[in-house]
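What Swiss-Prot annotates here:
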DOMAIN    23-206  domain 'Nudix hydrolase'
MOTIF     104-125  motif 'Nudix box'
BINDING   GLU110, GLU123, ASP144  Mg(2+) binding site
ACT_SITE  GLU119  active site, nucleophile
Amino acid sequence: MTTFETPRETVFIESVDSIPQSKKTHVFAICVTVDNKPIVAARRSSFVFQEITMNMNPPIVVTISKHLTNYMYNNEIKEIKRKLQKGSAPIYKTSFEELILLGGKLNKSETIDDCIRREIKEETDSKLTIKSIGTTCVKITITDKLFNRKYVNYCKLCYIDELMEEVISFVIYNVEIRKLKSLLDCDNNDKFNYLRFIYNTLLYSK
């Protein structure tokens, strides 16, 4: 097991022989282009903003930690600022981007690979053509330090027919995904080191 610490997450990564076939299972994929480059996605909204807005009751924010704004998009910060009461702490702009892997929760009637195929189709507006899905897998256990939440996910590689140049040019209208990106271009992101480790582990364990 390998551990990564970021300012907002503690991440445990371990190779596993199989993925539980359960409706509680969350499975994701790092897609690999035909020119051998790994793909991640940028989320339309940040997890921090989602958490804050889901728990606004009443829907007025009295104050918000500057630390939380480091993990929000600028349009979200403006929205929160609009709801802030007079005299609350200032909010600063960030260059934040919420990276995620493509995938999601397993349906009862699906296999693991069926779930990956369905989620990738939905999240990319059917833009990616899947050739094959790898057989090796890793278990990813994430503790969110900001909200004290724990998540258990699984990940595989998914090989596609498109070149990276094509992938990054796609316009995505999915409600959750704003665009697809090369993981290798995201080295300034707080998730980069552990996402790259996951990719390399899956790639060289095949």
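For all residues, glycine too, the Cβ spot is worked out from N, Cα and C.
Note that the structure is a prediction, hence the values are computed from the model and not measured.
With respect to their backbone Cα atoms, GLU110 (Mg(2+) binding site) and GLU119 (active site, nucleophile) stand 11 Å from each other. The secondary structure of GLU123 (Mg(2+) binding site), as reduced to three states from DSSP, is helical. Ranking the recorded positions GLU110, GLU119, GLU123, ASP144 by how many other Cβ atoms lie within 10 angstroms of each Cβ puts ASP144 at the bottom. Taking CA atoms as the reference points, ASP144 (Mg(2+) binding site) and GLU119 (active site, nucleophile) are 23 Å apart. Across the residues of the domain 'Nudix hydrolase' (23-206), the predicted structure has a mean pLDDT of 90.
In three-state terms derived from DSSP, GLU110 (Mg(2+) binding site) belongs to neither a helical nor a strand segment and is classed as coil.
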